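Peer 1: Quick one: this structure, given as structure tokens, is what I'll be asking you about.
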């Protein structure tokens, strides 16, 4: 491969990323509990040679289901079903370090990596909502610093479990009655402030060594975590300059941790409305915006702002001061609040206009244009130090992915920026990431 | 259906239930991390119209992998992959109430039930080993009574989560912008001594209402738990009379809890060696027994006995006193210890003979005979108040299941004891269990 290649994931949200997608005739909210719906989406992504599909997740009902369809299927099981319907496509699930136990989560992802032949990725999140906390016996969620401290221990413990069996631990010597070499299967004896895990793990090392570690936190703590652990980073930026600054910062942080910055892939979100003409694309975006329920968007915005906004009128300009960092915001809302404040300051929208902007993809970048224009902006960000690829967030499913793969992907392929065939079989192969060696390999055996 | 029908599950253990199976040319230990191996087994079970496949589980490496193959894939993900390769077969996974969080486990099983179109079952275990405890930050596992107290709360909370969305909560009114009726989605506000879970759940009710509740504990506490919650019970008995007593006891306990005893299915394990003649079958059993590694079996037996047995000689009779309930045994080993003590007292085996007896299926009943003889013993137990069906535990996979389904199942079908076609699509349909109504149905809405 002569030229640096883009990575492209399809970020799946049941009816689509636009909050009103479920009301549009092009979406299929009637199928969101139907596994064949997701298997078809997976096959569409694989036919276009995308790197992976990706699901967000949280252990609570966070969507106001009065006015929007919430995801209902658990991502790891769902990706296992997609694995069974595909052969090359990467499979990335979000899971929480705050509300899981490392041994249980290590097993689920190990199993997904074995079952899929090396296609699993774990999007590591710390889950900062009181709604989730209340489902796990807590009155409030642990604070940002505590969550990240636990997350560091959690990832260390889980990766150690995945390393627990060396790659050549299984002997399979039927004649001698020796199944495995106990000297190559290690206890991990992990002891941190929050977690204590002895091991050994109860499964062999996976095809990828271990699943790809993905991360999405944008706070200082999150960036530092990303620089240390993440092999791929999902991020939200509205503007090229912001994306460039983030890109440079993360690559620098990776270097600080002694890592090769090439082994850290940065993938901003983009939610494309695609039309034959730019006017068609914008008309389509308007069609979706007109289906939004203001009550729904307003409640979402209030949760970002951490305060009531009922005093604002829908068709009047939003005062800049409303989003100047005030309000009782939770840590994880801060970066989204900054995005909102930036839009209000720069573009001076009405409240309705602001709600429409946010309806697109929850703060991710919405772009309406022709296939050429979408390919142009992808190429611009890719060539100018803002992205190693993209998390594509179709505003509606399944059609929004189909139009992207059938119109934008061929242009990127013609430009030599995106593969026309898979050149490997694992997610690490697609992302260009090395297969890690077990930390226990070639060391003297530990006590079992 | 005129006659009462048997239920038959295939209990899957990677290479087979005999501890030396992995050494035998008829097993495939090289495929135990290969999902297509299990999908083929699932299709074999489904072609024979079996009720379900079933996996045991525990969050620790308990097998001595020096001399035996341990299961490596996590059962819920594995069953999801089998779901994708089958259409009717029930899918039962074991999972621990001691080492999981209710919200996480509820999601995994809900997802499996949705993905499979209503074929999920949960085998509820409390996991009583220090090996598991050490993987979750504990020095010792919680005692029997505490584990069962937590298990009761756990099942109550999980079932309430599964009931959280009433069956008709989703409106899908695209025109009016109303996705779901919030009055039909309930917080559960569960507060126990061990667990506190608020809800609401983040998924719609499943095709079966909720997965079938399965249980396998044989202690007094376990039986009481079974009588209260279990819809199917896996059990181990060597003799008809013991099985009859257990059967009568559980059905009585179900009645005490105000339940219909017909809605509690009792399924003993049976591990059949099948041959054209009885001599062939016994020769096959001997072939497997001769492949056992005495060191492996002795360590297993010591863990049941809770003491060293190195003073015994392999080819001398085991003294009856050795297993008279002495020793530092854990609670969960007690019922297995009773099985061993019974064998020693009744049959006076040598140590080698005892190890061979236990090598078959870890205390479950091993039966060597012709297809007719296997069908006869199944019919005898079924017609004489000892079983509603069986958990079939092939000594070796995949061949041991294939010979059972191709030779024994047709005899049972000819006798009118077993279905020749599925008459429903869910595991509840196969077991003849009613679909439960949500506890919240038709009650006034609770606060959200």
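Cβ coordinates are placed from backbone N, Cα and C, and glycine is handled just like the others.
Computed from a predicted structure; not experimentally measured.
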Peer 1: Given that TrEMBL assigns B:57, B:144, B:148, B:219 to the FMN site, pick the one from B:86, B:87, B:94 that the record assigns to that site as well.
Peer 2: B:94
Peer 1: Cβ-Cβ under 8 Å from residue B:148 (FMN binding site), same chain, 6 or more residues apart: which ones?
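Peer 2: Non-local contacts for residue B:148 (FMN binding site): B:126, B:221, B:222, B:225.
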Peer 1: Residues with Cβ closer than 8 Å to the Cβ of residue B:94 (FMN binding site), same chain and 6+ apart in sequence?
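Peer 2: Sequence-distant Cβ neighbours: B:54, B:55, B:56, B:57, B:58, B:75, B:122, B:123, B:125.
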Peer 1: Find the average pLDDT over the domain 'Luciferase-like' (B:24-386) in the predicted model and report it.
Peer 2: 94
Peer 1: Work through the binding-site residues one by one (B:57, B:144, B:219) and point out the residue whose CB has the fewest other CB atoms within 10 angstroms.
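Peer 2: With the binding-site residues B:57, B:144, B:219, fewest surrounding Cβ atoms within 10 Å: B:219.
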